[in-house]
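Presented below is the structure to which this report refers.
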Ligand SMILES: Cc1cc2nc3c(=O)[nH]c(=O)nc-3n(C[C@H](O)[C@H](O)[C@H](O)COP(=O)(O)OP(=O)(O)OC[C@H]3O[C@@H](n4cnc5c(N)ncnc54)[C@H](O)[C@@H]3O)c2cc1C
């Protein structure tokens, strides 16, 4: 192992504080883009990269093809004052986020640029690519980072978020990290805060080995076509648990979400029972969310569920069991039957709130 682990207890007190002197760093951020925009979690990765050291130059790596890639590059160039360079890999090989070609690309760019750090988000994009790229570069990645205390010292949750672990990276360069985007909120930055933007350059792909990147094939993307906000970045999330009893009943949660302009979430029990697809699962083995408002209906509050939502700013829980563990993390709790509470809310709320 290239990192030393120091466990912390539930109180989340740090066993040792960082006295790490900030050194200069150069960080490569793997960014995701869609429709000509950088995805919000990748902006959080830039914020995280910026906190690695005071004197850090941040390069953003974008790959894909076509005009939306170039548009995303323009956005990347001005997305944060710390960005010193945008690298664009324009090729059909990167039209889809397949781990094999992307990992090879990261290896190529790293070998040319000699970055001290490589950062991606802990979503499926980063979790898919970064460990594979780390293996190619023969280093051990530090995953799921929630706090950066210096160029080599990081905090990450363990035991479903019940303890925090401080790790010091002692391996070879580069130090590769996946970061939880919910732990690195993006402050409002005006687009013209860096008027000219960082320079954009094309990655020379002529040395990319053709054979080694073609073993996986993109087949299709299946996702629900919905107007609702994305679960990972929504300001409000309305979640239903097993207590909803059926997919038909779960539509009440969807209706409520619609009225609030919210994303829909679900517990694993609700997903396993087939009420909703598993892309809506919140928790240790689902999505990690930290919205401004999280509403949980008929959710017991198992630690694996709390691991995915306990950093929400305001938590509202409705459960008919006054002793349900969800009430221990809730800011507002209502002991009641969701089959009475939700219809009442639906009746009293105005038709649509585009928050
Ligand atoms: C390795 C592992 C990973 C896991 N990962 C996840 C994960 O990512 N996400 C996740 O959610 N779970 C996860 N789980 C499962 C987790 O342990 C719980 O089983 C699950 O979260 C329970 O879901 P629930 O709260 O919907 O159901 P239950 O625990 O059955 O709770 C239902 C709640 O609804 C209340 N209720 C019942 N009827 C009503 C009513 N009419 N009105 C109001 N309240 C009512 C009950 O009082 C109860 O508190 C994981 C488990 C393991 C072992």
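Each position is counted from 1, following the chain as shown.
A Cβ is built for glycine as well, from the same backbone N, Cα and C atoms used for every other residue.
Marked as FAD binding site by TrEMBL: 242, 267-268, 281-285, 298-305, 319. DSSP assigns residue 242 (FAD binding site) to a helical segment in the three-state reduction.
Annotated domain 'Electron transfer flavoprotein alpha/beta-subunit N-terminal' per TrEMBL: 27-212, in sequence order. Averaged over the domain 'Electron transfer flavoprotein alpha/beta-subunit N-terminal' (27-212), the predicted model has a pLDDT of 92.
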**Prompt:** Got a sec? Which of these binding-site residues, 299, 302, has the most Cβ atoms within 10 Å?
**Reply:** 299
**Asked** When you tally the Cβ atoms that lie within 10 Å of each candidate's Cβ, which of the binding-site residues (242, 305) has the highest tally?
**Response** 305
